[in-house]
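To keep things clear, I will list the structure first and then write my remarks on it.
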Amino acid sequence: MLSYHIIDPIITAFHWEYLADLNIVSILFRLILAVLCGGILGFERAKKHHAAGFRTHIIVCLGSTIAMMTNDFLSRVTESGDGARLGAQVISGIGFLGAGTILVTSRNQIRGLTTAASLWACACL
């Protein structure tokens, strides 16, 4: 099996090597970072009173973070499988969620494209 090890320059610069592994500190750090990033994107959408707001963006960001941490854990434990498969399914599932935010008004205007794109970007984080 092809093995790879990616060295993160930010982790190396700040001497945060313990964040590269899956431990309680790195898991909490990733979850807090996901809440912050999702909250920032969601706050902007909620301020403009759009369909998906603060809580939705946080939930999407947390869900995709948990899915990718689970994928990382399973690939480390089993040492087999495709590491990108679960991530691809998260992105495709968010596509369906984003499609639900796109509406056509009575004046044939399309609304919700930016909200759908922000949900998709939030899942990619």
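The backbone N, Cα and C atoms fix where each Cβ goes, and this holds for glycine too.
Any TrEMBL annotation is an automated prediction that lacks curation.
Taken verbatim from TrEMBL:
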type     : residues : note
TRANSMEM : 24-43    : transmembrane segment
DOMAIN   : 31-125   : domain 'MgtC/SapB/SrpB/YhiD N-terminal'
TRANSMEM : 55-74    : transmembrane segment
TRANSMEM : 86-104   : transmembrane segment
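On the 0 to 100 pLDDT scale, the domain 'MgtC/SapB/SrpB/YhiD N-terminal' (31-125) averages 84 in this prediction.
Residue counts of the domain 'MgtC/SapB/SrpB/YhiD N-terminal' (31-125) by helix, strand and coil are 69 helix, 4 strand, 22 coil (DSSP-based).
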